[in-house]
Structures are given as structure tokens and as C-alpha cells.
Amino acid sequence: MTQLYRIGQIVPSSNTTMETEIPAMLNARQAIRPERFTFHSSRMRMKQVKKEELAAMDAESDRCAVELSDAKVDVLGYACLVAIMAMGLGYHRQSEKRLQQATADNDALAPVITSAGALVEALHVMKAKRIAIVAPYMKPLTELVVNYIREEGFEVQDWRALEIPDNLAVARHDPANLPGIVAGMDLEGVDVVVLSACVQMQSLPAVAKVEAQTGKPVVTAAIATTYAMLKALDLEPIVPGAGALLSGAY
């Protein structure tokens with residue numbers, strides 16, 4: 001009998017990409033592995049990518065975890081990297097523990113992944129030491145993200161802030177622009193390129209091109225989240241066409 005897994009997604013209300021890129025990867029996996037997935041979301045309000053609005057949104061994440069645990073999902077993914085990183089260094093650990101406890105208190109214990117924690121873990125898995133980052137945020141928020149990742153033990157050699165404050169506009173950013181952005185960055189000695197430090201910024205269509213262009217492994221927040229979900233479900237973390245991390249090399 002085919003095993004079916006319920007994927008729970010804690011989603012900013014204005015996010016339109018998490019529910020396309022993560023299902024796209026897991027659905028692509030179905031062509032090469034027997035497991036099947038369904039996708040279930042709960043939303044927390046956010047329209048402008050500003051620190052105050054992100055903090056207010058994060059306060060709603062507990063409700064989302066409880067709602068998704070009502071559906072007895074098998075894993076939960078919190079998809080707003082900057083909301084977690086803007087709350088303070090190492091906050092992904094606190095968030096994951098609290099939200100998992102919320103599922104346990106609802107008699108539906110399930111592992112909780114944050115895209116922030118997933119990206120940090122992915123960089124460790126890929127044995128990255130020196131990285132480059134592309135993010136859609138305004139510079140002050142991007143600096144918070146860069147500092148957060150540095151505190152997790154990585155050297156950030158170069159980074160780009162695309163300075164898009166409206167979250168819907170982030171989703172509309174054309175991923176075809178990403179290879180050109182990366183071409184202007186200093187990648188000398190870089191181990192891994194973080195092509196999108198944001199689950200809302202589309203990047204999946206550009207991953208293979210940037211890997212070919214740079215000769216370096218490329219990861220994104222969405223790819224890292226998908227990897228972490230598969231690991232949490234004790235499934236082989238392999239997805240065709242989703243970059244080095246999900247190639248089976250790790």
C-alpha cells in the first residue's frame with residue numbers, strides 16, 4: 001500500500017510561493033519514489049515585510065500549529081525565514097520547540113521545521129564554510145539575516161538585498177533575474193550559493209542554471225525546507241531537478 005503523508009504549512013497570509021514550490025518538489029519526487037503527499041495550510045497575517053509586522057505575525061504561529069495538528073499532519077513547515085531570524089539569534093530553535101509542544105498538547109505530536117532552521121542545517125549538511133546570499137528584503141532586514149547566519153558559524157562573503165518591501169511583490173520577482181544577480185557577486189572561495197533566503201521569492205526555475213553558471217552547489221530556503229521535511233519523515237531526501245542538496249549526494 002502506498003504511504004500517504006500530510007504536509008502542514010504555516011504560511012504568511014500574503015505568501016503565494018511556498019504552496020507552489022514545496023508541493024512542486026514533493027510532487028516531482030513522486031515520479032521516482034512511491035510515497036505520496038497532500039498539502040494543508042494555515043495562515044498568519046502579514047503584508048509588508050517589516051520587523052514589527054513580522055513579530056506580530058510570528059505570534060500567530062502557535063494558532064496555526066494547533067489548527068494543522070487538528071488535521072493530524074505528519075510534519076509542519078513554518079515558511080518565513082526572515083520572521084524567525086528577525087526575532088533574535090538562534091530563535092528558530094525556540095520556535096520549533098514551542099510549536100512542536102503545541103502539537104503535542106493537542107494530542108497530535110508532529111515534528112516542526114522552520115525555513116530558518118532548515119537553511120542553517122542544510123548549510124551544515126553541505127559542509128559549507130563560506131557562502132553568498134541573495135535575499136529580497138530591505139537592507140536592514142537582510143543584515144539581520146546575514147548576521148544570524150554568521151552567528152551559526154558561516155562566513156558570508158557577499159550578499160545582495162533586492163529591497164522589495166511588499167510581500168506580494170516579492171513573489172512576483174522574476175526568477176530569471178537571479179542568474180544575472182549572482183553573476184555580479186564575489187564568489188571566489190564560496191562553497192555554497194544561497195540563491196533565495198526567502199520561501200516567498202521564486203527561485204526553483206533558476207537553480208540548475210546558477211549551478212551550471214557558477215560551478216557551485218546552490219540551495220534555497222524552499223529547497224532546505226523540503227530536505228528537512230523529508231528527513232523528519234525518515235524519507236530519502238531526493239528530488240529531481242531541485243539542486244545539489246536534493247540530488248541524493250547528501
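Glycine is no exception: its Cβ is also placed from the backbone N, Cα and C atoms.
Since we're looking at a predicted model, the values are computed, not measured.
Listed in Swiss-Prot for this protein:
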| type | residues | note |
| --- | --- | --- |
| BINDING | N15, C80, L81, V82, Y137, N167, V199, Q200 | substrate binding site |
| ACT_SITE | C80 | active site, nucleophile |
| MOD_RES | C80 | S-(2-succinyl)cysteine |
| ACT_SITE | C198 | active site, proton donor |
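Within the same chain, residues at least six positions away from N167 (substrate binding site) with a Cβ under 8 Å of its Cβ are P12, S14, N15, M46, K47, Q48, V49, Q200. Long-range neighbours of V82 (substrate binding site) (same chain, six or more residues apart, CB within less than 8 Å of its CB): V49, L54, A135, Y137, L141, L144, V145, A197, C198. DSSP assigns Q200 (substrate binding site) to coil in the three-state reduction, placing it in neither a helix nor a strand. Listed binding-site residues: C80, V199; maximum Cβ neighbour count within 10 Å falls on V199. Around the Cβ of L81 (substrate binding site), the number of neighbouring Cβ atoms within 10 Å comes to 30. Within 8 Å of the centroid defined by the CB atoms of N15, C80, L81, V82, Y137, N167, V199, Q200, the record's substrate site, lie the Cβ atoms of P12, V49, A79, A83, S115, P136, V170, C198, M201, A221, excluding the listed residues themselves.
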